[in-house]
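All remarks here apply to the structure that follows.
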């Protein structure tokens, strides 16, 4: 990677998240907007990326071909869909480009492809790039170690009507953090739906509930409920800019790293807290 400004490419540049990623890239010192990508046939192709994001003219035009921009970026930032992200991943691996991946909804094969690619390129892969959410994940680990063995644990998440995967990647990351702290595998203790005559709650399980409504940016709560008291740890996002800023910060953090798989806790140095 270059010693000067880190040049980033933004996938899905015309989407809500893409536009805010462009704004964040233009605002952070040490980062340069190098390229912007949209799907083939999109009406926004050829538009100035800065103007598209409401940040003024930049001279960076929205392209549809990775080959056309391969010399214009060092790190590729992707918050699109799993199938598109995996195509971008293969290209970045082939050409030695770093990646910041905020896409959610991967199956196990997709996650394994990311792990495999990290042998050759540096990747930050996180379910949520908010600083607050990642601090919350650390708090959940601590709470689970103290309270998890004798409380009922439930995770409730809410997002806008357009979100296509459930539970959210962040909710799953919360469950993983709690399960790991309890020396469990989430797939063995997660309960993703309850309907009809379910019987009493099974001890030691982690329940999930999902809301999809309106324009909710993202709300996540973990509940540790006992008889007579409960602890709730909640994060609420009011703007996607918190995710965009974290993603661009992660791209800058990748400077000088040739390979490896990282998450936001690495970026924020939270692992040792």
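Backbone N, Cα and C atoms are what each Cβ position is placed from, and that goes for glycine too.
For the NAD(+) site, Swiss-Prot lists 12, 13, 14, 15, 16, 17, 102, 103, 104, 126, 127, 128, 129; matching the candidates 38, 40, 83, 154 against that entry yields 38. Residue 39 (NADP(+) binding site) sits 24 Å from residue 169 ((S)-2,3,4,5-tetrahydrodipicolinate binding site), taking the C-alpha atoms as the reference points. Minimal Cβ crowding within 10 Å, among the binding-site residues 12, 169, is found at 169.
Residue 159 (active site, proton donor/acceptor) sits 17 Å from residue 126 (NAD(+) binding site), taking the C-alpha atoms as the reference points.
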